[in-house]
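Lifted from Swiss-Prot, the feature list:
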DOMAIN    16-282  domain 'Protein kinase'
BINDING   ILE22, GLY23, LYS24, GLY25, GLY26, PHE27, GLY28, SER29, ILE30, LYS45  ATP binding site
ACT_SITE  ASP147  active site, proton acceptor
Amino acid sequence: MNFQGLVLTDNCKNQWVVGPLIGKGGFGSIYTTNDNNYVVKIEPKANGSLFTEQAFYTRVLKPSVIEEWKKSHNIKHVGLITCKAFGLYKSINVEYRFLVINRLGVDLDAVIRANNNRLPKRSVMLIGIEILNTIQFMHEQGYSHGDIKASNIVLDQIDKNKLYLVDYGLVSKFMSNGEHVPFIRNPNKMDNGTLEFTPIDSHKGYVVSRRGDLETLGYCMIRWLGGILPWTKISETKNCALVSATKQKYVNNTATLLMTSLQYAPRELLQYITMVNSLTYFEEPNYDEFRHILMQGVYY
């Protein structure tokens with residue numbers, strides 16, 4: 001359905017005039033609105049993923065909470081957007097859910113493609129640190145992102161040095177009342193996320209915990225450097241079991257993974273991925289140590 005021209009009424013009774021379609025993904029379509037600072041994200045209510053996003057926005061992404069966390073951690077920027085409003089729209093046969101969220105600029109995937117599918121190591125390390133800061137905030141609220149990738153990382157409209165991790169349709173609550181979720185498989189959750197970057201735990205049906213997001217970020221950084229992961233081509237065939245088995249083969253062979261993907265082994269990624277692979281499912285990572293490792297790649 002094309003929503004352009006429709007007037008949507010949100011939960012606060014404000015009205016939004018839907019403009020042209022500017023993006024479409026696995027978790028909804030994105031349209032401009034009559035306010036250039038915001039976009040509206042729409043999908044059928046029955047799909048459920050936008051409700052997951054709405055819940056995450058309202059429970060976790062409160063500006064006051066983010067600001068307080070930044071001050072307490074001495075971190076200048078947390079790349080998470082907030083939700084202006086939400087609501088429901090009913091057509092003749094289908095009911096839709098919509099969110100009104102901040103409008104951003106181009107995504108990192110477009111930037112990488114414009115640079116011949118390769119970014120300088122310094123840029124990759126800086127992006128890695130930004131995403132690490134962002135997922136640390138999420139993790140300390142008890143949530144994992146579950147779908148880190150270049151197309152879900154978006155530049156600010158004005159300040160191109162600010163990045164935002166978007167699309168919260170696969171967020172998972174791995175902590176509740178101070179208790180970590182148990183290490184139990186759910187066959188319905190197997191292979192969630194983007195196959196090329198899905199963490200091994202998710203392939204097996206476990207809830208993505210902190211180590212899963214860090215694992216995915218490692219795969220992404222290899223790709224951003226221009227590497228081709230050993231399972232990249234397999235991912236295109238949607239052979240989930242073979243992708244999972246191939247990833248598992250490299251868990252204790254980080255140097256081989258890097259040499260196969262990049263034809264060289266950047267010291268920072270070797271240390272980063274090795275440290276990620278040493279984490280247990282329940283373990284809280286030493287984010288400062290991960291930041292320190294990536295920062296070495298910024299200056300050397």
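Using N, Cα and C of the backbone, Cβ positions are placed for all residues, glycine too.
ASP147 (active site, proton acceptor) sits 15 Å from GLY28 (ATP binding site), taking the CA atoms of both as reference points.
Listed in sequence order, the residues of the same chain lying 6 or more apart from ILE22 (ATP binding site) and placing their CB within less than 8 Å of its CB are ILE30, TYR31, THR32, VAL39. The DSSP secondary structure for LYS24 (ATP binding site) is strand.
Computed over the domain 'Protein kinase' (16-282), the whole-number mean pLDDT of the model equals 96.
Neighbour density for ASP147 (active site, proton acceptor): within 10 A of its CB lie 25 other CB atoms from the protein chains shown.
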